[in-house]
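As recorded in TrEMBL:
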DOMAIN    375-581  domain 'FtsK'
BINDING   Gly394, Ala395, Val396, Gly397, Gln398, Gly399, Lys400, Ser401  ATP binding site
REGION    823-853  region 'Disordered'
COMPBIAS  826-843  compositional bias 'Polar residues'
Amino acid sequence: MAAVTLATLRDRIARQCEELKQVHAQYLGAIDTRDAQMTFTQEARIRKAKADAKKQLMVAKIRASDAITAAVADASSRAKTLISPKLDNSALRVAEYVQLGRFLIDGRKADINDDINMPLIAPLLGHGNIVVIGNNASADGFVRAIIAKALQNTEPNQLQLIAYDPLLQNPLAPFSALAEEDQNMVRTVQASNGLGNSFDGILDECRETVQRVGNIMMGVESTLVNYRKKVGMPVEQYTLVTLCDIANKDIREEDYRRIMTLVSEAPRYGISFIIRVLDPRNLPEWCSLDEIKSIGTSFDLTKHTPTWNVSDTFPIELEKMSAADALKAVAEIAEKAHSLKLPIVDFNEVQPRHDWGMSTAKGITFVLGREGIANAEITIGDERSQKHNILVTGAVGQGKSNLLKVMIYSMCSRYSPDELELYLLDFKDGVTLAPMAPSVNSPAFLPHARILGLQADQNFGFAVLDYMRKEIERRSRLFKQYDVDNIAKYRAKCPNEKLPRIVVIIDEFQMLLNGGNDILDQDAAKKLEEDVRLGRAYGIHVILASQTISGIQALATSAQGLFAQFPIRIGLKNSPAEAQATFGQNNLAASRLHYRGQAIVNLDYGAPDSNRTIMVAMAKDDQLANLQQQWYERIKSTVNEPMVFDGTRPANLVRDLAELKRKRILEGPVTRAYLGRPVAVDPRPVSFKIDDGMGRNIAIIGGGVSPNALDEDQDNNLGIGLVESMGLSLAASTPAGKARFVVIDCLIDRDREANHVDAWLQTMKALGHDVELVKRRAAIDWIDKSDQLLSLHQETDPPVYVLVFALERCGNLDQAPVVPAAAAPSMSSGSTDSNAWNSTTNSADEDWGTKDDSNDAWGSLDLSVTSWNSPSSDSPATPKEKLFRLFSAGSMENIHMFIWWSSFSGYTSLMQPGLAPQGVFDGKVLLFGTSELAKDTSFDGPMTSWNGEDNRAEFKDVESMTASVKIIPYQPLNPQQLQELVKEMRHGNE
């Protein structure tokens with residue numbers, strides 16, 4: 001039992017153990033299954049997590065790549081914006097930042113496929129400097145690239161290049177084409193010290209520029225770049241200075257200190273530097289490489305791989321430019337520069353509207369244009385500054401005429417004609433002043449203008465200077481009455497008295513001092529200096545303008561004496577020589593201007609640190625014409641026309657005779673023959689008084705046209721015009737029928753036709769007088785019978801005026817002609833034969849018609865009259881001797897001769913001293929080819945330089961003049977003008 005039990009128990013235990021094993025196995029299997037399931041699930045999770053992580057990594061890489069790409073694009077865009085910002089005004093474009101290369105990033109380090117290539121940008125003009133270390137081809141090419149980039153990204157003509165080149169490497173040679181239009185655009189100096197063109201000169205110039213630009217900005221903006229943007233136009237200029245070797249042995253420690261001080265401030269004022277350190281090992285002990293590198297963006301090219309001071313994390317690749325590529329780039333820039341213009345400053349925008357409400361008692365102020373954002377005002381005549389006169393210069397085409405017009409109309413806008421008078425002279429073409437004078441098309445004139453000299457000459461200049469002196473003397477006497485010594489004090493003491501200031505503007509004034517006669521030139525210079533010096537106290541101010549003042553011989557020893565009276569200097573663009581002649585030694589600012597209309601204004605006799613750069617306003621012709629018309633309408637009934645002198649236009653006989661008639665001068669008690677207009681400040685025509693004194697005759701001597709005249713110029717023969725004008729003026733001033741005219745015409749057909757002589761003869765008749773015409777073939781006959789005229793002419797008879805054209809062509813005066821008695825000319829002093837005109841106006845080659853001796857009052861008379869210098873009473877007098885008798889005694893019998901010799905030799909062969917009567921021509925008029933006679937003591941003497949001029953004659957009346965005067969003679973009138981003359985003379989008589 002026990003055994004069974006044990007066995008059973010054993011079996012049971014065994015079964016149970018087996019079952020336990022099975023259960024255990026089941027459990028273990030379940031556990032294994034669970035573990036396996038758990039492992040699978042975990043592995044799946046891990047696999048999923050890894051997959052998710054890989055996916056996220058890919059997304060992150062893509063995003064990172066996109067971000068890097070976007071950052072690169074953004075950086076490139078920002079770089080482009082820095083390099084080429086958008087501007088409303090392209091004239092303000094400047095290389096504030098330049099791209100000088102690229103820095104490189106290995107794309108593998110950023111786990112991107114491509115390497116990163118970023119633009120390397122460096123601040124330059126207006127912001128900083130660049131330091132280049134190294135002396136090799138790469139460094140040279142890099143410097144060329146910097147300069148080229150600066151030029152390409154700056155508006156043409158706005159950046160000048162200067163280099164200090166002690167080693168003669170000529171770094172600016174590829175850019176020299178920019179100097180073809182303006183030599184100041186590219187300058188290289190080799191000397192380290194000395195005045196002017198040297199390293200010291202560069203530093204001085206930069207220092208002056210910094211000071212000048214600072215004065216212009218006046219703290220409105222901190223940099224020139226920003227100031228230009230604020231004012232909306234270019235102001236001053238940018239400069240890029242290349243110092244090719246800062247460690248050069250010629251640069252001293254004090255020079256180095258000056259450089260360091262300058263470069264730290266200069267960029268704000270538009271001056272940036274490229275400083276080269278060729279070999280850092282050779283720097284002197286007082287020169288620190290770290291200090292040099294700190295003044296700007298520095299690049300070290302001494303090793304194979306260049307570096308820069310901004311970052312050493314990434315390698316950089318710098319741009320280089322060959323000389324050939326630089327030449328191509330410069331050619332494009334130069335082409336653009338050729339046609340570039342500055343923005344226009346409108347005249348009306350800068351002129352305050354004072355409506356003539358200002359007083360000149362304390363001075364005269366006017367606006368020339370803009371200086372930055374401010375109006376460029378100038379004041380002359382104030383007691384505090386004592387700046388009274390202005391010198392203006394400028395090369396051809398740089399806007400001098402416009403500047404003068406801006407001056408004139410700006411003054412006239414502020415001050416009424418009671419406050420300001422203008423004497424305006426133009427010694428060149430007169431175009432600038434012509435619109436200020438009344439004309440056929442418009443009666444309007446500039447009310448302030450009292451004298452307008454269009455195409456003035458030296459003689460008219462003398463006249464104006466004399467006129468100024470008389471006004472100075474008049475004002476001096478006036479001031480003494482009130483115990484004052486200047487105009488400001490007089491105006492203060494006599495506020496209700498009218499005493500305007502006078503501004504005298506002389507354009508191309510050097511022609512006043514270069515007339516060709518050294519003595520006269522010196523005299524003109526002396527008079528000008530004296531008038532300028534004396535005039536300031538009396539409110540007379542002078543503005544001299546010229547294209548060139550450096551070669552005025554009359555001022556060779558006295559230029560400083562004259563120009564010392566001109567503290568205000570204004571210079572448009574000009575050559576360096578003219579700039580220094582204007583402003584003084586080493587003041588080249590005017591030669592460094594680049595645009596038409598830019599000007600340097602200096603109020604301190606040209607001292608360089610007083611230079612101001614302005615933009616002169618543009619005065620459009622229609623604007624000025626509108627202003628002038630308004631002013632004219634306002635005062636036309638109270639202000640007289642200005643005295644207008646036009647040296648190129650002939651004097652207007654029709655107008656002058658009409659004016660003389662209107663003023664009741666023409667038909668006054670004194671008979672006058674009118675010759676022309678004076679070259680003087682005098683509105684009265686030049687005349688010759690007719691009376692019964694001995695010698696009251698006129699001899700006109702010399703060619704009527706220039707020896708160099710073309711065929712088409714033969715219709716303005718001054719000799720013919722003078723004879724005609726004297727005849728017309730005598731005919732117009734004498735009541736009809738109260739004078740008798742004899743015209744001896746020895747002209748050739750061409751001259752007669754070209755100068756409308758036949759029409760003139762008709763006009764003489766139309767004015768109501770008998771005109772006896774003597775043709776050339778009958779001239780000797782008439783002269784041979786002239787003694788009858790002397791014998792029969794009575795005191796009560798009308799005057800006889802004998803007008804002779806080209807006397808030397810009449811024939812042989814030494815031999816009496818053989819002419820039938822019937823052919824003798826009529827000498828009837830009182831003839832009123834209505835057929836006299838028709839019988840004597842035939843062709844030049846037609847013989848005289850016959851007359852009935854029974855009707856000839858001279859027929860029964862003894863014609864033998866003892867002639868002047870007759871050899872004996874038994875010998876008959878020759879025509880020459882009878883003519884001499886007429887010369888000598890005629891004027892005392894009221895028979896007056898007006899004779900033109902068309903050649904000087906023709907006159908001298910007849911009027912030889914000792915053989916011809918002397919003193920028989922009180923009046924002499926010299927034309928072309930008469931220099932020998934002009935120098936004769938009987939005329940003006942050896943100091944006279946006259947030999948004939950276009951539209952001029954030299955006239956002297958010994959009875960009333962101590963010296964000859966130049967006149968603008970009347971010229972032959974055409975048929976239309978002659979008809980107008982008759983109409984004017986008849987007006988009021990009908």
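Cβ from N, Cα, C; glycine included.
Curation plays no part in TrEMBL annotations; they are all automatic predictions.
In the structure shown, across all protein chains, Gln398 is the one of the binding-site residues Gln398, Ser401 with the greatest number of other Cβ atoms within 10 Å.
In sequence order, Gln547, Leu572, Lys573, Arg596 are the residues of the same chain, not among Gly394, Ala395, Val396, Gly397, Gln398, Gly399, Lys400, Ser401, whose CB sits within 8 A of the CB centroid for the ATP site.
Sequence-distant neighbours of Gly394 (ATP binding site): residues of the same chain at least 6 apart with a C-beta under 8 Å from its C-beta are Lys400, Leu403, Ala545, Gln547, Gly571, Leu572, Lys573, Asn574, Ala590, Ala599. Just so you know, of the binding-site residues Gly397, Gly399, the Cβ with the fewest other Cβ atoms around it within 10 Å is the one at Gly397. The secondary structure of Gly394 (ATP binding site), as reduced to three states from DSSP, is coil rather than helix or strand. The binding-site residues in question are Ala395, Val396, and the one with the fewest Cβ neighbours inside 10 Å is Val396. The number of other Cβ atoms within 10 Å of the Cβ belonging to Lys400 (ATP binding site), over all protein chains shown, comes to 25.
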